[in-house]
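Worksheet: the structure to be examined is printed underneath.
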Amino acid sequence: MAKQGRARKQKRDDNPLSSARLSGDKCKASSLWFRKSGAGYHLFLSFFAEQPGAVCNEGDPQQVGNDGDVASVARKGKGMSRAAKRRRKHKDPCNVDVGRSAHEDGQGAPDMTELDQSHPLVQAFESKANEWTRLRGFVEALSRPLPLTIRLRDVDATERMNELKQKLGDFSQLIGPVQYDKSIYQSRPGCSLCKSSLGKISPGLKEVIVSGSMDGLLARQELASMLPVLALSHVGALKAGAKVLDLCSSPGSKTLQALEVVCSSNRRGKVIANDINASRLESLREAVIRSGVDEELTDRVTFTNFDASEFPSPKSGKLFDCIICDVPCSGDGTIRKDKHILPMWTPATSNSLHPLQLDILRRALELVRVGGSVSYSTCSLNPIEDESVVSAALANDDRYELLDWPSELLPGFVTRRGISDWKVAFYNKDSFEGDDSDDFGQLSFYDSHIKAMENGETGSCETLWPTGKVPLKRCMRLWPQDQDTGGFFVAIIRRKR
Ligand SMILES: C[S@@+](CC[C@H](N)C(=O)[O-])C[C@H]1O[C@@H](n2cnc3c(N)ncnc32)[C@H](O)[C@@H]1O
């Protein structure tokens, strides 16, 4: 007996999860259990499988070509005759009907691209592939590293810029301008060039990019992250001479992008870069200096350190022309570069961020001048952090107008419309903490806040549910599988009065 007891104790000591449970460290036990069970990957997929239109279309494993929710559609044959579309539909392996018939036959998704079987998200997906068929393209994109993207700055340095373009041209097998914007360069499909592999794959290209960045000629910025500033410029709110507030600004990619616009055409606008985190704000200050952008321009940035939801009104009484509201979020759109998000994924992260995101957006709406615009963005595709926030902020306030996403902004760039209906999920992990099996249970979905409260979901709040009062289709969703990007959400809101 004593021998057996010792053996059991030894086994427990070797098992960090058992040790954490025995020592009463609930937090560590829960984190270890999540990592061991792979629960986060399964919960993530089961959540998005219940949200049609959020990351893919219902019954459509390939997404592209399905009318109804594509805002910008160049890849799906815009301008083609019906007959040409029909011909293309039969040829195109991305054809919606091919996927549907495969699904109906019970064959699972058509074999489109090899999935990386070693990726834990793919493993979770394969365990229920028949149920989650339509998520396949989404999963496939998320399991690959994010391509490297750079943005050539709009600077008055034609000669140096031409030189840079020439140097980049020497690496044209690895990187090149995207079809919808010649100033955005992305690594070529299939060459596996990403931020972390750049130095290994091509030290020469790395040198060109680093020196171009130090000279202020280019920015290493993700494509998705460029969209709010591009859209604000497109609708005319962000322009030369404008006064801009970037409420959650660090690490500063949008601050610098906006600065280029407000200081163009020999005009000198102003950007206030705010962040609640003092050390992140300090890194931003250094990044602005390191950016290589002219001091004359960077002097136009003022740094502030407030909670964005309580950002003070300007003493002058003059409100902002334009506000960038790139709020803190769960980051599920960044999982191609951040491996730490999915293993711990539960709906509680988004549910608990939602009230802060809403407070920040509401404050932005108070601080923008009549005729000015606010961009609300997240690098999450979870409707709870996206449409749900926009819907709650605008539902009973007719001073603001949600603008239609400008589909002509980047010709040929595929964007998806916002969704008007979503489900609110909860997950009670405590009951699984003593369980060594891989049975991590299920998400609970409720129709209303009242029902959630009746079932003891203390993390619920009323604004998580759709209001039905705002034309949310006008928002923009960026699906990773459309253009090999991260996931992103943007809404542009104009103050009418
Ligand atoms: C998604 S990041 C912003 C990225 C940035 N806009 C860019 O493009 O580089 C969110 C930022 O919000 C900051 N933040 C979190 N809570 C905040 C709050 N209550 N008020 C202001 N900033 C906040 C975080 O420190 C973080 O730097």
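Glycine residues also receive a Cβ, built from the backbone N, Cα and C atoms like all the rest.
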TrEMBL annotation, S-adenosyl-L-methionine site containing Asp307, Asp326 - matching residue among Asp275, Asp397, Asp398, Asp404: Asp275
Any further residue of that chain within 8 Å (Cβ to the Cβ centroid of Asp275, Asp307, Asp326) of the recorded S-adenosyl-L-methionine site: Leu247, Cys248, Ser249, Ser250, Asn274, Ile276, Asn277, Ala308, Val327, Pro328, Ile360
Rounded Cα-Cα span from Asp275 (S-adenosyl-L-methionine binding site) to Cys379 (active site, nucleophile), Å: 17
Candidate with sparsest Cβ neighbourhood (10 Å radius) among Asp275, Asp307, the listed binding-site residues: Asp307
Local confidence of the prediction over the domain 'SAM-dependent MTase RsmB/NOP-type' (138-496), expressed as mean pLDDT: 93
Under 8 Å by Cβ from Asp326 (S-adenosyl-L-methionine binding site), same chain, sequence gap 6 or more: Pro228, Asp246, Leu247, Cys248, Ser249, Lys254, Ser375, Ser377, Thr378
Maximal Cα-Cα distance (Å) across residues annotated as binding S-adenosyl-L-methionine, namely Asp275, Asp307, Asp326: 13
